[in-house]
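According to TrEMBL, the feature ATP binding site maps to A:LYS103, A:LYS144, A:GLU177, A:GLU178, A:LYS179, A:VAL180, A:GLU185, A:ASN263, A:GLU264. What TrEMBL lists as domain 'ATP-grasp' is A:107-294.
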Protein chains: 2
Amino acid sequence: MTFPVVGMVGGGQLARMTHEAGIPLGIKFKLLSDTPADSAAQVVSEVVIGDYRDLDTLRDFASGCDVITFDHEHVPLEHLRALEADGIAVRPGPDALRYAQDKGAMRERLTELGAPCPRHRIVRDVADVVAFAEEGEGFPVILKTVRGGYDGKGVWFVRSEADAADPFRAGVPVLAEEKVDFVRELAANVVRSPHGQAVAYPVVESRQVDGVCDTVIAPAPELSSELAGSAQELALRIAHELGVVGHLAVELFETPDGRILVNELAMRPHNSGHWTMDGAVTSQFANHVRAVLDLPLGDPRPRATWTVMANVLGGDYPDMYSAYLHCMARDPQLKIHMYGKDVKPGRKVGHVNTYGDDLGDVLERASHAAGYLRGTITE
Amino acid sequence: MTFPVVGMVGGGQLARMTHEAGIPLGIKFKLLSDTPADSAAQVVSEVVIGDYRDLDTLRDFASGCDVITFDHEHVPLEHLRALEADGIAVRPGPDALRYAQDKGAMRERLTELGAPCPRHRIVRDVADVVAFAEEGEGFPVILKTVRGGYDGKGVWFVRSEADAADPFRAGVPVLAEEKVDFVRELAANVVRSPHGQAVAYPVVESRQVDGVCDTVIAPAPELSSELAGSAQELALRIAHELGVVGHLAVELFETPDGRILVNELAMRPHNSGHWTMDGAVTSQFANHVRAVLDLPLGDPRPRATWTVMANVLGGDYPDMYSAYLHCMARDPQLKIHMYGKDVKPGRKVGHVNTYGDDLGDVLERASHAAGYLRGTITE
């Protein structure tokens, strides 16, 4: 056995951070990226520029790799099945990825498994939406295109029948879900390898602003050990039953009566796991690489009492370097992770991690740095 | 100000790990490497293949960089002065680097500063060596070529007059030093930026086998806080007086009567600082990058009670992948850092870090992994 080649499809920040984690592992890392300016393409030595929707491009790329994995979930399943038929190891494989690509299939499968989900139904038109609402608590309801959504895109908060027509315009099947009355959002992140080893990270709290992840707190404060344990067990069971290989993020709602419901699945390193880069013994990126290579997994336990991750979004200033210098001077313990992306308002261009024993302090330091980099805090 | 370009001369593992540390910082990293197979050239996107001894090559390389720094100390000083005359920021600069390149100049300057050094003298021939020995405790004495040595190369342990001729054959000036009676070797590592900010890492114990660093323990066990403090102060003073920018390793002898003497200086990230990658809030590589960019420095404090680094040397087996898998399975907390280098007997091809509260356990885990990877431990 020699040190293998991992091919990652997609050149975003997840690929950038996976490459970073792969360097100490001594593996060779190849990237299939849309453009040379993509976040990961800036820092990886072996980059193929090409379109992941083109099977020939994928085949050429995969021929030099021992395993193919993903920065995103958009590669057509039929292409992945063709690669598997060619003898390429595709991890996670298409049989698992279909549940990350199709929210309707995901809800159906999770319900079969007895995993707690919001009430849901595939709807064909506005009349279906009205019927779905009336069978429950009425409006509002949530409508989602079954494919292609992320970070609040492809999701509609529908207050009345009059709002319900928009989601149907794209011609993609639409999933209706009850508006869950939740106290907060959690994420249970696990990593699973082909030989069935799996590790569970501490359950985290994820705070959203305008549908985009703002802050992640690890571990989730004041979460009972029973609920944390059942969230971890649920995520491990989903990974096992769906045959996920690599990192699986299970986004959850915690309800006022102390239950959890599955919100979304992501079968790749995930924003809710970025805290692990500085806060866990083994980061989600290192464990994702180890999993797709069927190497023994690393310890997922936290290294600090509290770790907080705050996303850095683009603001009005196109260059963050001065703010970045200021943040380093203010907090010598701050861990900054920049993605090399052009700043656009609202775009995720980096994140910061802080850790320590005092949650208030750790939260303040992360929020201050993220706000200062964005330009919403100026002192 | 925009995110700058750091150019590193030399494609070894120090450059590889500097690139890894630069990715989250969002800087652009360019490499001047001897060959595309070099450790860092395998993982960096922007690599120029060329000879660092050629001024035109250096000039071309430097023209696209905001600052030039080094993986090694072998770039001719006159070339660095030429780059500075062109307006390039060279960090550390030639006025500092001359003391890392020339052990004679280093001893002279440190003695002027009152830094404690072994008794030493430039010697021209065997008669000089005999005279030097007789003025002290007699043989053995240490002879060193003033330039080009590392990892025990260029260093002779001379037991008698009959052994003393060899070092003169290369035609390089030779430095004689007393054989210091030391209880152990220490290293005081500091990082200094152009605006004069400096941080000191905990003083570490460095254990050598056959003249090559085998294990580093952070912090050095049972070192009095007085001696640790004076070692840190000494290293900070040397960095200041010599105008070092970036990481400075001061290798030290601890004597039986509780003094420290300066053994060697290295003006770059250093093997005795590899433990910081997993054991300190900010690694030596991240702080080296921050320093050469004149960014505020990161916290150098340890994250664990004990961190141990063990070098992985090549053994008889050319492929370590099976052993690597075994080590991951045995110790899920083990941090492996492979350099992507071909295995040759005795060559440094990686290192491992372990950390925890029990030094015996931490040492055993690191030594076991390094020995298993080398092939000297088989169970």
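Backbone N, Cα and C define each Cβ position, glycine as well.
Within 10 Å of the C-beta of A:GLU264 (ATP binding site) there are 18 other C-beta atoms, taking all protein chains into account. Within 10 Å of the C-beta of A:LYS179 (ATP binding site) there are 18 other C-beta atoms, taking all protein chains into account. A:GLU185 (ATP binding site) carries a strand DSSP state (E or B).
According to DSSP, A:LYS179 (ATP binding site) is assigned to coil rather than to any helix or strand.
Across A:LYS103, A:LYS144, A:GLU177, A:GLU178, A:LYS179, A:VAL180, A:GLU185, A:ASN263, A:GLU264, which the record gives as binding ATP, the greatest C-alpha separation is 18 Å.
On its own chain, A:GLU185 (ATP binding site) has A:GLU205, A:SER206, A:ARG207, A:GLN208, A:GLU251, A:LEU252, A:PHE253, A:GLU254, A:ASN263 as residues at least 6 apart in sequence with a Cβ closer than 8 Å to its own Cβ. Counting other CB atoms no more than 10 Å from each candidate's CB, the binding-site residues A:LYS103, A:GLU177 peak at A:LYS103. In the three-state DSSP assignment, the secondary structure recorded for A:GLU264 (ATP binding site) is strand.
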